[in-house]
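Below: the structure, in structure tokens.
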Amino acid sequence: MKTQVVDVKNVKKFYGKKGENQSIALNGVSFSIHEGEFVGIMGPSGSGKTTLLNVISTLDHATDGVVQIAGTDITIMKQDQLSDFRSQKLGFIFQDFNLLDNLSIYENIALPLSLQGVPSREIGPKVKKVAETLGISAILSKYPSEVSGGQKQRCAAARALVHEPAIILGDEPTGALDSKNAASLLEAMTNLNDEQGVSIMMVTHDPLSASYCRRILFIQDGELYKEIHRTSTRDAFYKEILDVLAGLGTQKA
Amino acid sequence: MLFKLSMSGLKSKLKDYLVLLVGLVISVSIFYLFQTLALNRAFIEANSVISQIQFVFHAGSVLLAIITFFYILYANSFLLSLRQKEFGMYMMLGAKKRKITVLMFIETIVIGFVSLIIGIALGIGLSQVIGQLLMKELEFTAGGYHAFYVPSIVVTCIFFLVLFMLSAILNSIKLSRVSVLQLVHSDVQAENSFVKGKKTFGIAFLSIILLAIGYAAMLNMATLQQLGIIISLVTTTSGTYLLFMSVLPLIIKKLKANKKRFEKGINAFTFAQLNFRINSLTKVLATVAMLVALGAGAISVGMAFKNNVMIMVEGFNTYDVVTHNPTAEEKNILADIKFDEKYEYHYKVDDQFVYYTKEDLEKQRPIIQTFQDEKSFRKKEKVTGELPVGSIVGLEDQQSGLAVPEEWAFALDTIQPYYLYPDHKIKIIDQKMFGDVKGKEGIAIIGKSDDFQAYMMEWKKIDELQQKKYGNDTNMYSKYRSYQDMYGFASGTIFMGFFLGIAFLAMMASCLMFKILSGATKDISRYQMLRKIGVRSTLLTKSIYKELFLVFLFPAIVGIIHVLVGMEMFSFILIAPYFRVWLPIVIFTVIYASYYCITVQLYKGIVFPKTN
């Protein structure tokens, strides 16, 4: 049995003050992700998947429950500890890239390393290596505004990877990409997962994107609704996902 | 309908508009403030020791107009940037371009008008308050200064109406040139325009030549006169602008090129922010540098004139007080003063001479001015040499050997002022002879306190008592009077210096803050992103401090250099223009540093989310 990278126990998240109109975003979610897994999280809008991601990525506090990442309980950490934790253990890929437009691609990718105090002479090779893996070596000296959306997202992926985090968290990473770019990004992520054993958790509402995952958790109304594993081909998994989504739809209606 | 829509759009960006409006209002009121002095010809001519003061003010007006012009243009392009995206959206929904252009035009004019009215009102208030405060502080009571001054209002109105009209037209033209798509995506377009290598070096070289000419003109102001003012004004100003446009991006680039430093911690981001911002900042920073130079310069000149008063007074009078046969009241006052040096000399007066003893004088050798060529004006030493018995002050006949040596004659001038016994000569005798002289005995006291200016009230009182003692017809003379005369002579200039200094510093503050805060909204997402990938907020704060520090640093350095060179201009009228020049510079640094801190706090308030 591989070690757990993420362990979520009975996590609850309420918005608003107690006693008043409290809205429930997460209502006791529990699951865990093991090292080297590629997990997708799906669910309709408002199901709480983004909240879940925010809680795991330490950007938001859980109202109740325990979240452990790489063996550390993040719910009891202080603000600065959380910042350090994010910069060391987590890698982010956002829907809108979130690259800094005033830094070149190279500088963007190098930033997490600089922040951790990696010596300058070690930064160069690391950036180049990760850029090669993601096929963006040629555009390193350009600025984000000068490259395409797909390239931007690869850069974001490179930045998420470069400091070798415990897990990569994706928030709709293909959301702003066309199908070709989306496919190539997902293939790159799959390769990372397969060949380098990088753990990935990705929130998406796109079934095709989700079909690249090994396991998918479905969330509805702040609760875990269903969990499916990929056992055969991606096509078959894709159909399976569609079936579950359809089920979600009818149950709602 | 479109108008209503645009009004609601305006409301949604109220904070940005507030920043804009404050910036404009301040520039209007400072312009007004300046004009209340510049246009009040009678006042400045009556109250200045500089003969060409009128011309200096004209030159200043031109300079201020140039600075204000750039400032207003920048402010209005900011206004345009605020509205671009929204206007683009209206156009996408089918609004006609012409209508949008008109809308933009009207908006610029309306904002200009509002800021003009508020600005003039504020300007009147400010000039009233600053004027009164300074006059009180400087004990300067010349009439003729009007805070509410109609010519100033008229000129300010005309100047700004023209400026706003111009920028409204410019904004409209800019708007009509860009496409709808450009407008809609205006906020994602990076302002990455990098300067080309060779051209930059050319411009940098030119700017340094211009500055050199300007400095040369300032250093030779005495010979060049009005021409010098014009030359230095034109070359220094344009040189400063070119310097910032060419050299500053190069410096930042150099800083960035140091890989080791650049890739350490958050430095990459800090320098990237700077590099990214510097191109749009160059003109504003040059403006700030000029305002720093003007503000700190005006205050330095004011202070130099103030210091000059004391230098002149000290030059003419070594001893703070000279009194003969003090009354009880005088003695009381003297007892409270801490003297560094205080001597008492006994003398006797008969119908021909005032007699002093050799022993008395040689035991208590007073300080005199050594010699009066220009360079050694302030050099002072104790009288040396012997005092021959029987010598007489002011005796023409040198051969008889009875004349008092020159140094001693100077000293006795102080001890026995001419006005006491105008028709008596002073004769030096020895102690034994002194006993035999029949005549009225008296005592002369001279004293030098540890700080002349600390005992102003005491000197004044002694002065009055002495006048009473000697009688009103006596044409009395004292250090206190000499100070009063000198001060009265210079106070008009001191007043103008401080007044303008405050005005320019206020304008500079608003200029810098405005520029930095107006760009802050764009930075929010950058800081948000950095927080997401795990940058500690303390580190982000450090980055902001560092970045803004560099932004503040460059204009301060250039401005202070301008001031230090420019002070030389006044060497023809001031004895020591650089005496205590550190004081205004320290004052300026403190004010500037507090602007820096305030700007950082405001900026942090915008780019960091509120913590709950």
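Heads up, residue numbers simply count up from 1 along the chain you see.
Glycine is treated like the rest: Cβ placed from N, Cα and C.
Keep in mind that TrEMBL annotations are predicted by a computer and have not been checked by a curator.
Database features (TrEMBL):
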type	residues	note
DOMAIN	B:61-179	domain 'ABC3 transporter permease C-terminal'
TRANSMEM	B:17-35	transmembrane segment
TRANSMEM	B:55-79	transmembrane segment
TRANSMEM	B:100-126	transmembrane segment
TRANSMEM	B:146-170	transmembrane segment
TRANSMEM	B:201-221	transmembrane segment
TRANSMEM	B:227-252	transmembrane segment
TRANSMEM	B:284-305	transmembrane segment
TRANSMEM	B:486-517	transmembrane segment
TRANSMEM	B:548-575	transmembrane segment
TRANSMEM	B:581-603	transmembrane segment
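Note on the transmembrane segment (B:581-603): residues 292, 295-296, 299-300, 302-304, 501, 505, 508-509, 512-513, 516-517, 520, 544-545, 548-549, 552, 556, 560, 563-564, 567 of its chain, located 6 or more positions outside it, place their CB under 8 angstroms from a CB of the stretch. Within the same chain, the transmembrane segment (B:100-126) stays apart from the transmembrane segment (B:201-221): fewer than three Cβ pairs sit under 8 Å, each pair at least 6 residues apart. Counting Cβ pairs under 8 Å that are 6 or more residues apart, the transmembrane segment (B:17-35) and the transmembrane segment (B:548-575) reach fewer than 3 and are not in contact. With a cut-off of 8 Å between Cβ atoms, the residues of this chain six or more beyond the transmembrane segment (B:146-170) that come close are 28, 31-32, 35-36, 39-40, 65, 68-69, 72-73, 75-76, 104-105, 108-109, 112-113, 116, 119-120, 123-125, 127-128, 131. Listed stretches B:55-79, B:227-252, B:284-305, B:486-517 were compared with the transmembrane segment (B:548-575); the greatest number of C-beta pairs under 8 angstroms is found for B:284-305.
Residue counts for the domain 'ABC3 transporter permease C-terminal' (B:61-179) by DSSP state, with H, G and I taken as helix and E and B as strand, are 102 helix, 0 strand, 17 coil.
Restricting the average to the domain 'ABC3 transporter permease C-terminal' (B:61-179) gives a pLDDT of 85.
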